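Chemist: The structure that follows is given in the form of structure tokens.
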Amino acid sequence: MTQPLILAIESSCDETAAAVVRGGTDVLSNVVSSQIESHKRFGGVVPEVASRHHVERITYVIDDALTEANVTIDDIDAIAVTEGPGLVGALLVGVSAAKALAFAHNKPLIGVHHIAGHIYANRLVQELEFPLVCLIASGGHTELIYMPEDGVYEVIGETRDDAAGEAYDKVARTLQLPYPGGPRIDQLAQTGQDTFHFPRVWLEKDSYDFSFSGLKSAVINAVHNAEQRGETIIPEDLAASFQASVVEVLVTKAVRAVKDKGGRQLLLAGGVAANKGLRQGLEAACAKEGIDLVIPPMHLCGDNAAMIGAAAIHPYRALRYSTLAMNAEPGLDLK
Amino acid sequence: MKIVAIDTSTKQLSVALSDGKQIVAEASYVTSLNHATKLMPLLERLMVEAKWTPAQLTRIVVADGPGSYTGLRIGATTAKTLAYTLGIELVAISTLELMAASTGHTGRVAAIQDARRGAGFVGVYDAGKRIGEEQHVEIASFVKTLTPDTLVTGDVEAFEEILQPFEKVAPAFRTPRAGVLALLGATRQTVEAHAFEPRYLRLAEAEAKWIEAQRHE
Ligand SMILES: [Zn+2]
């Protein structure tokens, strides 16, 4: 049986991306046009600016993805697109383009949840074994997801305030690091020591939820107090202390979820999956507990369309197609 | 020729098919609906009823603004993706020109879109020819530039007092029509699909502020 070819599109935030994926596992092309240089001057992603860039880039990116995969649109079996969550104006560009392609060539259209995409990025490197637990950490999300089988998602834990990535960005701003601050903190933390001993927030005993706003405030207070006393803060140590708190909580809860749920694998997904401190923490804990840990390579951690193509294969085979009335869903739930 | 025309730039959604000489089919939603969910099903329905297939299309005509930013992006992305993937021509026509043409009036017409806080997107057309530049302006100062014989169309109710001295287009002819767009676009110069962007006529707010801040430094 020949494996289906899926053309996937992702435009939920500040990357305009398209990819061609065969059978949900085989990446023939993965084109990402990043807007990060444009948003740097604003210190964060500006939705209206992001949406305008998506319109400029969208067909170039689609065309590059087909060319690099050495296929034409006629070879494609289905069009997949990120339906949500994300910035509504940004999502709408990808959704509009996907619908136009599906209509023009009479191909099935598949709406994909962005987080499902991040999870299935792992399937591009290793076959998934269910049941599994996935830790999602990104600028907008911190979630623990239990998957009893392919295509079935159960959110068992989520952040009650800031996402981990958000806390990183705010701490980076306090340290006046250039945007995007998350990777800079990770870099500084590599050479620093945990000297501040910031609190670890566990919430209720059996909860898989997270809370990072208290930690964020503790870091900001530490910086302000030092300023008032005329002391200098060693940024490397502050970064290392902040990261140690985040990583310990994420790793401990993720490992506990795998044990409680009888998971056969622990997956890491989302932009923060590129974080060295988190990778090292998870690797150490999983080695100790004998848990099969799957982490996508760096280039599949950030937003890309190959992950959307990977996640689309299950709904494609289950004939769960979308209609041309598909909308962008900025607050879409993972079901 | 088999032309598809799309306008999603204002709160109205309009789609039409044309053979280049006549309107073959045309449909509009005049009330404010979700363009994202309505555009493609409406286009598909017109195509099915006219027994046209996407592969037969020769040209896409789109109203490229100014207008609602989100609406513009839905129309522009749909139009440029269709033109690119079908390998056919793309034509962009000003939404303000379309509004003026949709009145059917052959004299001087000022098309006005409400952009809130007393401002609007405006364009003046005389017998189909543009007079001056289309712009984002204070409507109160804009009307001082109009000749008394100018007919006004568009969001005239939002500026009732200011526009009081001018004759208004009857409500039935105030909305842009894709059928008119298709005929306007039948003979116009084409644009390159990949590079095509809507004309917002205004910077994103954050960008305007950033440029302002640079100037002060
Ligand atoms: Zn993401």
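Here, residue 1 is simply the first one shown, and the rest follow in order.
Glycine is no exception: its Cβ is also placed from the backbone N, Cα and C atoms.
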Chemist: Among A:Asn30, A:Asn70, A:Asn275, find me the residue TrEMBL lists at the same substrate site as A:Ile136, A:Ala137, A:Ser138, A:Gly139, A:Gly140, A:Asp169, A:Gly182, A:Asp186.
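Modeler: For substrate, TrEMBL names A:Ile136, A:Ala137, A:Ser138, A:Gly139, A:Gly140, A:Asp169, A:Gly182, A:Asp186; of A:Asn30, A:Asn70, A:Asn275, the listed one is A:Asn275.
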Chemist: Since TrEMBL lists A:His114, A:His118 for Fe cation, which candidate among A:Asp292, A:Asp303 does it give for that site as well?
Modeler: A:Asp303
Chemist: Provide the three-state secondary structure of A:Asp303 (Fe cation binding site) computed with DSSP.
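Modeler: Assignment for A:Asp303 (Fe cation binding site) reads coil.
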Chemist: Output the one of A:Ser138, A:Asn275 that, of all these binding-site residues, has the highest number of other Cβ atoms within 10 Å of its Cβ.
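Modeler: Going through A:Ser138, A:Asn275 one by one, the largest Cβ count within 10 Å is at A:Asn275.
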Chemist: Among the binding-site residues A:Ile136, A:Gly140, A:Gly182, A:Asn275, which have a Cβ atom lying under 6 Å from any atom of ligand 1?
Modeler: none
Chemist: May I ask which residues of the same chain, at least 6 positions away in sequence, place their Cβ under 8 angstroms from the Cβ of A:Ile136 (substrate binding site)?
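Modeler: Long-range Cβ contacts: A:Ile115, A:His118, A:Ile119, A:Thr142, A:Glu143, A:Leu144, A:Ile145, A:Ala269, A:Gly270.
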Chemist: If the substrate binders are A:Ile136, A:Ala137, A:Ser138, A:Gly139, A:Gly140, A:Asp169, A:Gly182, A:Asp186, A:Asn275 per the record, what's the largest distance between their Cα atoms, in Å?
Modeler: 18
